[in-house]
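Each remark here refers to the structure printed beneath this line.
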Amino acid sequence: MRQKTLDVLDFDKIKAQVENEAVSDLGRVKAAAMTPASDYETVVFQMNETDELSQIYNKHRLPSLSGLTEVKPLIHRAKIGSILNVRELNQIKRLIQVQNQYKTFYSQLLEEEEAINYPILDERMAQLPILTDLYQEIHQKCDAYDLFDDASHELQSIRSRIHSTSQRIKQNLDRIVKSQSNQKKLSDAIITVRNDRHVIPVKAEYRQDFNGIVHDQSSSGQTLYIEPSAVVEMNNKISRLRNDEKVEVERILSVLSGEVAAEADACLIAESVMGQIDFLTAKARYGQSIKGTKPEFTEERNVYLPKAFHPLLDRATVVANTIEFAEDIQTVIITGPNTGGKTVTLKTLGLIIVMAQSGLLIPALDGSKLSVFDNVYCDIGDEQSIEQSLSTFSSHMKNIVEILKHADHNSLILFDELGAGTDPSEGAALAMSILDHVQKLGSLVMATTHYPELKAYSYNREGVMNASVEFDVNILSPTYKLLMGVPGRSNAFEISSKLGLSGNIIREAKSLIGQDEQEINNMIASLETNAKKVEDQRIELDRLLREAKQVHGDLNKKYEQYQNYEKQLMDDAKVKANQRVKAATKEADDIIKDLRHMRDEKNAEVKEHELIEKRKHLDEQYEGTDIKQNVKKQKWDEIQAGDEVKVLTYGQKGEVLEILDDDEAVVQMGIIKMKLPIADLEKKKKAQEKPAKTVSRTNRSAVKMELDLRGYRYEEAITALDQYLDQAMLSNYENVYIIHGKGTGALQKAVQQHLKKHKNVASFRTGMPSEGGFGVTVAELK
């Protein structure tokens, strides 16, 4: 987009405000470089990216980005072998710290807001590298000012020796300065440092009383700073140790710089992502400051800005207006009084387009719709009049000529006072001709004018709409309200009357302009009133429609969640019911086999109370279980005496002995004879029965599907596990749950090692999170 357009629309002032919202140099650089895009995909992406972070910013307290600085030059120096100092290493450490804090914050955010998606920020966060090791290396070896003494054993040893030697020097010098005989010879009883050497201040006249080296003197020459001979060698030792310290510090910094170089690419990625995060946060803060909203971009041509206002004007006094190009409208012509807000309306439209295509939230109500323009062209300047020089008209015309050379169907053109600065009749003719030409190009145009001829222009052209800025004749002042679809009207008679002009003069003037002109003015006045009502109603309807869509979407989502939940419950219930039916059927079969075995045993004595007890046990296995719903029933009239049937309620085979009149039959099940409803019987083909073996059963209801071994010692746990697996096999369980807890993992390992060797275990696995996770092992039985 042309820089001239951005300058005219004051986009630099918007950029400066966004830049002020950034915390780091990285964010400020990106804000200063912000320019509008013209590619549809890019524009939509930038807006969505800003909107995602704005949603988070408006609901949460974001991690601090303070202290974030550009590290790219430091990374480059490290890569070529330069040694970074402690301050520079801390800049890299702060970058890593900031990115780690943001990753943690974002992870927690996603856990709290599972139903909300931030796809662009997801991708940004996924790009952030893992730099924990580099952070720890820097963090453990230095603070913000210097290396720690324990950054290496050698450095610790050197600094320890420096400290002990310094203490010895101070002890020696303390004895000298505190000696009674030396009190009058010293300028002050202190120990000081000159040229990195410990010295004492001696009066010049007592120089001969102190053996040593003079390192400095006072400005008056009356005090000499002498290093006594007794500490010269110790000071020399400290100098040597200081050199050793410098070498060791340089070595450590070199190692740390090498580690930075090894992670150079990762550090640059972190810098890029966190710089973008700061830039987006600045956009979000700015958007909140203007109560900005996210517009909807459409690929077809569309401009609808409900209650839009200029973001650089005082929010407390600025008048918001709805700006719209209806579906079939290509040109909007605004008429109205001077200083009535026409130029501000042009700039508002142009600036909002530029802001939106730069990824900034716009100063308008929710529901805005915008096209993406390749270019915005402006001819906006101070108001012109025919008294002004021809050079002013020429400069405007030169600008218009340049615009017409480059404009196309995907351009927005803003003309302020089109055709002004020359003879009114010629200016109006030029304006209409220019608008005709631009309409052929297909550009979207908004123009302001004083010429009354252009009011009629819209009625003679398709795709052209009138608009006007309102003037309040009661207070003789413009209201700055834009009325779309309503041409401006002359208020000369009303203004003159308010100012005290004679009514006779006004009536005579009205008679001179003709009845048609008066009727047109009256019609325009009526249109103004109706237009304001319609606009307010439309904005309210748009709001209600958005709310209805939001509610509809929420209800659809909740209904979908309910359906999924219901389906899950049904699926779980079916699985549990099938398992229960299968187990109950197996249990019943085994009980009947036991009864038959008791009957067939030569020496067995089957008493009536035992049969009743066994039958009661059989009934208990199926209490509350409705198997009939899951089995296809046989028609009643097909069952006859002598048929072999399956009793659906008990899942057992039997033989029909007799059909009764009241839809019941007498059925022999093994040694039990029962009267049952025919509807509970299913006809089976007769088959020779194999002799059954006696099986000792465990009452399944007494065996749980889980075994809790928490708190058991190893031997106790294995014994309990073996006993439980035997009982589970007899209960015909397919899967069982062994609860061993997490702890140290020793019990889990022991259980799984034992399950590997157990003859009745087909396989096993660690529990899912919903089953208890690592604290549970699920075993599948053979």
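Using the three backbone atoms N, Cα and C, a Cβ is placed for every residue, glycine included.
As given in Swiss-Prot:
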BINDING   GLY336, PRO337, ASN338, THR339, GLY340, GLY341, LYS342, THR343  ATP binding site
DOMAIN    707-782  domain 'Smr'
Env. residues of ATP site, Cβ within 8 Å of mean position of GLY336, PRO337, ASN338, THR339, GLY340, GLY341, LYS342, THR343 Cβ: THR448, VAL469, PRO478, TYR480
Residue among binding-site residues GLY336, PRO337, GLY340, GLY341 with least C-beta crowding, 10 angstrom cut-off: PRO337
THR339 (ATP binding site): tally of other CB atoms within 10 A of its CB: 13
The domain 'Smr' (707-782) [mean pLDDT, rounded to integer]: 84
Cβ neighbour count (within 10 Å, all chains shown) around LYS342 (ATP binding site): 28
Position of peak Cβ density within 10 Å, selected from the binding-site residues ASN338, THR343: THR343
Assigned conformation of GLY340 (ATP binding site) - DSSP reduced to three states: coil
Helix, strand and coil residues within the domain 'Smr' (707-782) as assigned by DSSP: 35 helix, 19 strand, 22 coil
